[in-house]
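Student: Below you'll find the structure I mean.
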Amino acid sequence: MKQQIIVSGIGGQGALFLTRVIAQAAVDLDIPVLTSETHGMAQRGGTVISTIKVGDFASPLIRTGQADVGLLLWESNLAVHRPLLKPGGALLVNAETAGEGDRLDASGIARKLGNAVLSNLVLLGRAVQTKVLFCDEQTCVAAIRKLAPERFVEQNLQAFYEGLHR
Amino acid sequence: MKQPEIQLVMGNEAIAGGLLEAGCQVVAAYPGTPSTEILQAVINQRDESDVPLHIEWSVNEKVAFEVALAASYTGKRSAAIMKQVGLNVAADPFMRTAYLGVVGGMVTIVADDPGPHSSQTEQDTRLFCMQARVPVLDPSSPAEAKAMVEPAFALSEKYQRNIVLRPTTRICHSRQSVTVGAVRTIHAPSTFTPDPGRWCATPAFLPGLHTGLNNDLAAIADEPDWQPRLTSGDGSRPRQALVASGIVYAHLLDLLDELDLAGTIDLYQVLMPYPLAPTFIEKLRDGYDRVLVLEETYPVIELQLAHPGGAGKQSGAVPRVGELTPDLVHAVLADFLDLAQPAQSVPAQRGQRPSLCPGCPHRAAFYAIKQTFPEGIFPSDIGCYTLGMNLGAVHTVHCMGACISQGAGFYHAYHLDGGEVPTIVVTIGDSTFFHAGIPALINAVLQQARIIVVILDNGTTAMTGGQPVPHLGVAAGGRPTKAIAIEPLVRAAGVEHLEVCDPYDMSAFTRALKQADRYIRSDDGSVAVVISRRPCVMDPVAKKARRPVTVIVNEECLGCGICVSEFECPAVSLNEELGVAVIDQDRCIGCGVCIDVCPAQAIEIKEQ
Ligand code: SF4
Ligand code: SF4
């Protein structure tokens with residue numbers, strides 16, 4: 001089992017948390033995993049990207065045209081990170097408007113739950129529902145339970161289910 | 001005691017685990033991307049140690065290094081942690097330590113940032129180590145970085161030398177499943193033995209110490225455990241070899257695998273890029289006609305190899321600038337092995353530029369500075385506030401603490417010409433002020449530089465995620481300590497005009513700036529200091545205290561766009577279709593500063 005995933009967004013959108021949840025799911029499934037993340041200056045609202053490589057890999061970075069799955073929390077990042085996706089790779093985009101990829105207004109859904117930042121888990125729910133990720137519902141739920149701060153666990157799970165059942 | 005278990009950890013956390021498992025008792029650091037999380041992780045795991053630990057956020061890297069150094073003199077294991085440019089600050093003690101050595105194991109962890117992603121240079125610590133004559137280790141994964149820590153301490157103790165571990169951004173900020181083991185307990189009671197010929201070495205002793213250093217370096221180069229690791233090829237590509245170190249080695253492994261080339265060519269991983277063993281250098285010269293060297297960021301291995309058939313940064317085969325991404329490694333390898341070149345990757349478009357957070361107090365201060373002194377000169381410094389560039393209120397950003405001296409330099413230069421000197425407003429963060437601003441402030445006063453220094457005091461080291469600053473009275477891990485206030489320091493530096501102001505109060509802040517300008521231009525004027533005081537919006541206490549208000553744009557909006565172009569709060573944008581400003585309620589924190597910025601009174605607090 002090998003899968004290469006990108007998570008793209010802007011600083012403050014919870015791309016890092018989403019990255020950790022997916023990587024934790026791999027650990028719980030006993031699959032080796034490597035991630036890379038953006039920290040520092042770009043976290044102040046700039047474009048950020050995480051890569052997740054599940055399976056037997058040595059490097060955490062993804063070459064152009066090699067990603068199997070792209071999870072975009074910020075639509076305008078398509079112009080920057082689209083080239084990483086392989087032809088036929090699965091693309092999920094948080095967007096209100098129509099366009100490339102499988103789109104849903106994750107921020108809008110998350111806002112109704114009380115916090116637009118939860119769009120990250122809404123998008124994860126959708127990815128699990130459309131079966132583009134290596135992990136299933138149970139593994140993601142367990143990973144969210146493990147990583148979310150206790151008082152936010154229920155809200156986070158709710159966001160995940162909103163994406164899963166849409 | 002804790003059982004070993006597999007955990008998903010960030011490279012920096014892995015290194016911290018390595019320090020504790022190696023029984024390191026004194027750890028000192030100054031935060032800086034990408035190294036920051038190492039000390040943070042040591043703090044988080046400190047309860048697992050049964051020996052007492054001393055962990056500190058030092059005021060700067062030189063101090064951190066010296067604290068760890070003396071702890072090592074007592075026989076304890078110690079570590080100093082910094083980012084690559086931090087080593088520039090610690091260069092003085094670092095260089096001399098190479099000659100004098102250490103006693104207890106000492107490892108200096110210096111995180112490099114090829115790219116750079118979040119730094120003012122992409123300098124290579126391995127080259128720095130070569131000139132300082134300090135052995136340096138170059139891990140290729142988080143797990144390997146962790147695994148190198150204990151042997152690094154052992155090597156340090158065997159030769160009584162400081163050893164550098166150099167992870168890069170892609171190691172520090174990668175996560176990997178890593179075995180986390182038990183924290184080791186070493187009872188090393190402190191015993192410092194005075195040895196003036198060594199610890200106070202005068203020039204008379206230095207030739208002897210230098211000879212000792214040379215001998216040790218020669219022996220360390222030959223240490224069997226640190227020799228390059230060979231994965232042999234099947235002979236199908238004879239007399240050619242690949243040599244790589246650090247994360248580039250990992251990129252290369254994946255690439256060879258994906259291209260079905262693994263095991264077809266001799267591949268060396270260099271673990272210790274300096275000093276390289278002469279036997280290795282000879283082996284490559286005799287055994288291969290062509291050698292491709294892949295390393296970040298400078299040609300450290302390549303220079304030492306000086307291979308006649310060497311391909312690398314020196315030869316021009318490998319790009320000399322920036323991170324060696326897997327895409328670049330692919331192109332370089334294809335060239336070297338005569339493979340099909342990868343499809344030209346479309347030049348990546350630039351993404352969203354970073355910007356001060358919505359509600360950041362710095363934005364309010366910068367806006368007032370720019371409005372008050374449209375013709376001013378604005379030296380600034382390293383931190384979130386570097387982003388004051390976006391508001392046109394930051395003209396120079398150089399290195400920690402440089403802004404005050406640069407401000408003084410600007411003043412002296414303009415002053416020489418006679419006539420009106422433009423108002424020079426320096427902005428420096430509170431953490432940066434403690435780090436390197438104080439000597440510069442004393443000097444500016446001493447040299448009678450008529451400048452305004454605005455200390456942006458948000459009560460934290462914000463850029464790196466909120467480490468404590470000396471005036472809070474909190475040390476690493478929340479330990480209470482003496483608070484060292486900024487104002488008395490400023491006064492003690494000889495500053496006679498000092499005002500403290502809340503930048504959210506735009507009119508008061510502007511008044512303070514104008515008064516400061518009058519003062520520096522008055523007969524007995526000198527340096528004026530304005531402290532702009534308001535907590536960072538990311539500060540948990542400030543977050544809690546925030547009043548939930550809704551700020552909206554009313555029908556008075558002219559669509560002039562001043563709130564966007566001049567103030568650039570990321571929560572405000574101009575709706576091109578409607579020709580009015582809109583506030584993104586997901587991002588607005590309701591600070592209300594934009595209300596003062598709007599010339600048409602079109603922004604207001606919505607009554608609930
Ligand atoms: S983290 Fe704090 S200092 Fe940095 S931009 Fe945000 S509000 Fe400003
Ligand atoms: S009130 Fe205005 S300046 Fe403050 S965060 Fe909201 S939009 Fe930005």
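Glycine is treated like the rest: Cβ placed from N, Cα and C.
Remember, it's a predicted structure, so these values are computed and weren't measured experimentally.
As annotated in TrEMBL:
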| type | residues | note |
| --- | --- | --- |
| DOMAIN | B:548-577 | domain '4Fe-4S ferredoxin-type' |
| BINDING | B:C557, B:C560, B:C563, B:C598 | [4Fe-4S] cluster 1 binding site |
| BINDING | B:C569, B:C588, B:C591, B:C594 | [4Fe-4S] cluster 2 binding site |
| DOMAIN | B:579-608 | domain '4Fe-4S ferredoxin-type' |
Student: Is there any among the binding-site residues B:C557, B:C560, B:C591, B:C594, B:C598 whose Cβ is under 8 Å from chain A, and which ones, in sequence order?
Tutor: none
Student: Other than B:C569, B:C588, B:C591, B:C594, which residues of the same chain sit close to [4Fe-4S] cluster 2? List them in sequence order, counting a residue when its Cβ is within 8 Å of the Cβ centroid of the site.
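Tutor: In sequence order, the nearby non-listed residues are B:P358, B:G359, B:V551, B:A571, B:V572, B:I583, B:I589, B:G590, B:G592, B:V593.
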Student: Sequence-remote contacts (6 or more beyond its ends) of the domain '4Fe-4S ferredoxin-type' (B:548-577), Cβ cut-off under 8 Å?
Tutor: 355-359, 363, 367, 370, 390-391, 583-585, 587-590, 592-595, 597-606, 608
Student: Across all chains shown, how many C-beta atoms besides its own are within 10 angstroms of the C-beta of B:C591 ([4Fe-4S] cluster 2 binding site)?
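Tutor: Counting Cβ neighbours of B:C591 ([4Fe-4S] cluster 2 binding site) within 10 Å gives 23.
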Student: Within 10 Å of B:C563 ([4Fe-4S] cluster 1 binding site), Cα to Cα, which of the binding-site residues B:C569, B:C588, B:C591 are there?
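Tutor: So far as Cα distances go, the binding-site residues lying within 10 Å of B:C563 ([4Fe-4S] cluster 1 binding site) are B:C569.
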Student: Using a 10 Å radius around its CB, how many other CB atoms surround B:C588 ([4Fe-4S] cluster 2 binding site)?
Tutor: 20
Student: With an 8 Å cut-off on Cβ distance to the B:C557, B:C560, B:C563, B:C598 Cβ center, who else from the chain surrounds the [4Fe-4S] cluster 1 site?
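Tutor: Neighbours found: B:V553, B:L558, B:G559, B:G561, B:I562, B:A581, B:V597, B:P599, B:A600, B:A602, B:I603.
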Student: Which of these binding-site residues (B:C557, B:C560, B:C563, B:C598) have a C-beta closer than 6 Å to some atom of ligand 2?
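Tutor: What lies within reach of ligand 2, judged by Cβ under 6 Å, is none of the binding-site residues.
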Student: What average pLDDT is reported by the model for the domain '4Fe-4S ferredoxin-type' (B:548-577)?
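Tutor: 92, rounded to a whole number.
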Student: For B:C557, B:C594, listed as binding-site residues, tell me which one has the smallest number of other Cβ atoms within 10 Å.
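Tutor: So among B:C557, B:C594, the binding-site residues given, the one with the fewest Cβ atoms within 10 Å is B:C557.
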